[in-house]
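Beneath this line is the structure, given in C-alpha cells, with notes to follow.
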C-alpha cells in the first residue's frame, strides 16, 4: 500500500451521505485549526498608518465633523475610501476608545464577514453550476479563502481592514449578479438593484473594485458560456459600467494628493509583479521574498520551500479532479479572473503586499473547494494546505525588525519606553525628535507620538539638532531605539 493510499478516502463510499458527513467534519476541524492559528493576531499593537488614521479620527471628533463627511469631501490621502477607512477609524477612535485589541477584533469580524461573503458566493456559484452539495462547497471555500496567507496583514494591521470590507462587497455584488442572471420577474429586478448597491459599497471601499464589472462578465462566461442575456441583465451591466465611470470622476475630484509610490507605470516591474501574484496565491510570504532580495538565502529558501511544497502538493492532489469537471475555456477564465482582479497592481513599481491578491483568490478558492471534495485524498490535501498557511503565518510572526510585524513590535517597545520615561513632569513643547532610520521611524511617525502621548501633532517637531530654547530631545541611538537626551 502506497503512502498516498493511507490518506485516501474511498472514491465510492457506502453512501454519499456518509462521505459528505466525513467531509463536513474534516471541514469544521480545519476551520477550528485556522481560527486557532489566527487568534494571536488580536494582540498585535497599533503601528504605522494605524496612528495616522487614529489621530485623524481624533481630530475629526474634536472638530465635530460628521462621520459621513468623507463621502462628500476631499481626502487627505491619495485614496477615497470613506466606507472602509474613514468610517471604521471613526468607530475605533470614538466608540472603541482606540483600544488596539478591540480594533483588531473589529478587523477580525470584518475578515470573517469577507470569508462568509466568499462562502456565500461559492454556494451560489455551485448552485448555478449544479455542483452538489453546494453547502459543503461553500464551507470548504470559506476555509480555503479565510486561512490563506494573503490575509496576514489584514489580521495583523488594522489599516488593512479596507481589504476585508472590499472583499465582502465585491463577493456580495458577484453573488447578486449570478442570481440576476438566473432569476426572472421581480426577483431578477431585486437582485439587479442589489448588484448595483453592493458595487457602490465596494467602490467606496477600495479603488480595485472598479474591475468588478469585468469579473461579473467573466463569471457569466464561466457559468453560462455565450448564452444571450436578457434585457434586465444588459441594463444591469451597463449601469454597473456607468457607476464605475461616475465613481472614477468623483475619485479624481476628491483625491488631490498623489503618492509617487502608487504611480502606475509600464516597465520591467510588471514581470516582477506577475511573479509576486503567483507567490501570493501559492502562499509564499512577502517577507521571504524581501529576505531573499537581501541575500539571506539558505534560511529563506527553506522557509519558502516549507510554504510552497505543501501548497503545490495540495494543488496536485485536487487538480486531477478539477480537470475532469472543467473545460479548457473555464480554466482560461480562472487565470483571466486572477489577472483582472490584480490588474492595477501589475503596474505599481514599488508597492506589493499579499492582500492585494484578496480578490484574485476568490474564484480559485471556489474551484479548489470542489476539487477537495471530489478528491480521494481530501484529508491529505487539507493537511497540506493547513501546513502551508500555518508555516507562512507563524513564520511572519517570528521575524524581528525589519519585517513588517517586527516593526510593529519595535514600535510598541518605543512607546513603552516613552510611557515610563519622561524628562520632566510635562512633555517638552515643542517636542524635538531626531530619527536616524526613517524605515523604523515610519512605524511610529509624528501621528503615533501625538496619539500615544496625548499631544497635538504640531507639538512634535522633527529636527536634526537642538533648538536654542529646548532642554531635551528624543533621539534614535545606534541600536535603533529612541531615548531622551539633554540638549547642550
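Placement of Cβ uses the backbone N, Cα and C atoms for every residue, glycine included.
According to TrEMBL, the feature transmembrane segment maps to residues 326-347, out of the candidate ranges 326-347, 414-435. Looking at 101-123, 446-468, the range annotated in TrEMBL as transmembrane segment turns out to be 101-123.
Remote same-chain residues near the transmembrane segment (326-347) are listed as 207-208, 211, 214-215, 218-219, 221-222, 264-266, 270, 273-274, 277, 281, 356-357, 359-364, 367 (criterion: CB distance under 8 Å, separation of at least six residues from the stretch ends).
The listed stretches are 101-123, 135-154, 230-250, 379-399; of these, 135-154 has the most Cβ pairs under 8 Å to the transmembrane segment (21-43).
Just going by CB pairs under 8 A, the stretch in 191-224, 230-250, 262-281, 379-399 that sits most against the transmembrane segment (160-179) is 191-224. Against the transmembrane segment (230-250), stretch 191-224 has more CB pairs under 8 A than any other of 135-154, 191-224, 379-399. For the transmembrane segment (101-123), the list of distant contacts is 38, 41-44, 46, 50, 88, 91-92, 134-135, 137-139, 141-142, 145-146, 151, 154-156, 158, 160-161, 163-165, 167-169, 171-172, 174-175, 178, 358, 362, 365-366, 369: same-chain residues at least six beyond its ends, Cβ to Cβ under 8 Å. Beyond the transmembrane segment (135-154), the same-chain residues lying 6 or more positions past its ends with a Cβ under 8 Å from any Cβ of the stretch are 20, 23-24, 27-28, 30-31, 33-34, 37-38, 107, 111-112, 114-116, 118-123, 125-126, 160-161, 163-164, 280-281, 283-286, 307, 353-355, 357-358, 361-362, 365-366, 368-370, 372-373, 385-386, 388-389, 392-393, 396, 404.
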